[in-house]
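Below is one structure; the comments refer to it alone.
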Amino acid sequence: MASSVTIVSLFLVTFSLLSPSQSASCQSQTFTRNRIYTFCNDLPSLNSYLHWAYDLANSTLSIAFIAAPAKPNGWISWAINPTATGMVGSQALMAFKDSKGAMTVKTYNISSYGPVTESKVWYEVKESSAEFSGGMMRLFATIVLPEKGKSTVNHVWQVGPSLTAGMPDKHELQPANLNSKGGLDLLKGQSAASNGGGDSRTKKKNIHGILNAVSWGIMFPIGIIIARYVRAFPSADPTWFYLHIFCQVSSYAIGVAGWGTGLMLGSQSKGIRYTGHRNIGIALFSIATLQIFALFLRPKKDHKYRFYWNIYHHGIGYTILVLGILNVFKGLDILNPEPKWRDAYIILIAVLGGIALVLEAITWIIVLRQKSGMSTKPYDGIKTGHGRQEPLAP
């Protein structure tokens with residue numbers, strides 16, 4: 001009986017801690033102080049919600065923006081961009097805890113990528129306040145739009161992890177953060193993605209990721225496995241060589257296409273930099289290009305410089321292998337896809353690694369047997385009258 005009472009008590013306490021704003025839909029969210037809004041939307045990213053009421057005659061807009069900050073001591077923001085569809089140019093309201101732990105709302109004119117400072121904005125703020133409970137922040141404001149009769153706006157919303165000296169720090173650059181923008185029809189109650197721009201960039205990022213994962217992350221390792229292990233089987237010569245060339249040249253061609261899409265994405269995302277991923281990508285392209293051109297300088301097997309060329313070729317190849325796999329994982333961190341895609345790639349690399357270990361053992365067995373066969377091969381000569389073997393005459 002006591003355990004049943006305990007379970008019921010825990011349930012009631014948990015239920016009492018839940019905030020209405022954590023509901024799955026904005027339709028079930030309610031507010032204190034008799035705040036009532038005409039429309040609400042479940043925004044398409046960052047698990048956030050927007051409620052609003054618009055007085056067209058007076059151009060007065062009342063909003064309630066609800067979202068969870070990236071971290072408990074972070075911030076949330078909702079903005080209107082009167083000149084564009086993205087972050088730069090947006091006129092933002094930001095809610096966060098001040099130095100005393102009280103919730104506050106401040107305005108920011110986001111004129112560029114980089115640190116922000118409190119400033120006046122395009123519209124007049126008649127009233128603003130904020131609340132924080134149940135892990136969710138709520139930003140309330142009543143603003144007056146300077147353009148009379150305007151019924152559609154571009155809006156941007158965002159969440160951040162922290163503040164430094166009372167100023168909001170940079171938010172993350174995950175797809176959900178970069179796609180948190182759209183068009184808002186204040187009279188019809190509709191919110192839509194901004195001209196498909198975010199979706200288009202996401203598709204380009206996915207294409208970039210797939211091309212590079214297939215090239216540097218899959219085909220290149222397979223080409224190395226073929227060159228190192230399949231060549232040990234005499235019956236595979238020269239098939240192994242052509243398979244190796246096919247994998248590596250195809251890997252390079254696909255990788256160059258992926259590198260090109262990366263450059264295009266970088267040029268379209270001014271101010272957004274993934275320095276480590278970018279630098280490794282440039283290094284991969286550079287040394288892989290050297291590797292391709294080195295094929296045209298490949299000495300014959302009996303040439304005195306062939307030994308040194310092999311050292312160079314193998315060293316560069318293994319460097320590309322390590323950098324390629326490393327950069328695939330960095331790319332996965334940036335794209336942040338569903339866990340199943342990362343798991344699938346990890347399983348694939350583990351399988352290739354397991355195949356390599358098995359083939360390594362088989363190769364050593366073959367090599368050792370070949371050496372053993374050479375050392376025990378019968379002497380091809382004749383016996384002399386003294387019982388010694390003498391070599392055959394040339």
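Going from the start of the chain as shown, residues are counted 1 onward.
Cβ coordinates come from backbone N, Cα and C, glycine included.
All annotation found in TrEMBL is predicted automatically rather than curated by experts.
Since the structure is predicted, the reported quantities are computational estimates derived from the model, not experimental observations.
Under the heading signal peptide, TrEMBL lists 1-23.
Feature annotation from TrEMBL assigns domain 'DOMON' to 46-160. The residues of the domain 'DOMON' (46-160), classed with DSSP into helix (H, G, I), strand (E, B) and coil, number 0 helix, 65 strand, 50 coil.
The feature domain 'Cytochrome b561' is assigned by TrEMBL to 175-368.
Of all Cβ atoms in the shown protein chains, 20 besides its own fall within 10 Å of the Cβ of His244 (heme b binding site). Here TrEMBL flags His208, His244, His277, His313 as heme b binding site.
For the transmembrane segment (210-229), same-chain residues at least 6 beyond its ends with a Cβ under 8 Å from one of its own Cβ atoms are 240-241, 243-244, 246-248, 250-255, 257-259, 261-262, 281, 284, 317-318, 320-321, 323-325, 327-328, 331, 345, 348-349, 352, 355-356, 359-360, 362-363. Residues or ranges marked as transmembrane segment in TrEMBL: 210-229 (among others).
Annotation source TrEMBL lists transmembrane segment at 241-260 (among others). Within the chain carrying the transmembrane segment (241-260), a Cβ under 8 angstroms from the stretch's Cβ atoms is held by residues 208-212, 214-216, 219-220, 222-223, 226-227, 230-231, 281, 284-285, 288-289, 291-292, 295, 324, all 6 or more beyond its ends.
The feature transmembrane segment is assigned by TrEMBL to 280-297 (among others).
Marked as transmembrane segment by TrEMBL: 309-329 (among others).
Taken from TrEMBL, the feature transmembrane segment applies to 344-367 (among others). Residues 213, 217-218, 221-222, 225, 228-230, 232-233, 325, 328, 332 of the same chain lie 6 or more positions beyond the ends of the transmembrane segment (344-367) yet place their CB under 8 Å from a CB of it.
Taken over all pairs of the listed heme b-binding residues (His208, His244, His277, His313), the Cα spread reaches a maximum of 27 Å, rounded to the nearest whole number. Take the CB of His277 (heme b binding site) and look out to 10 A: across all protein chains shown you find 19 other CB atoms.
Across the domain 'Cytochrome b561' (175-368), mean pLDDT in this model comes to 86. In this structure, the binding-site residues under consideration are His208, His313, and the one with the smallest number of other Cβ atoms within 10 Å of its Cβ is His313.
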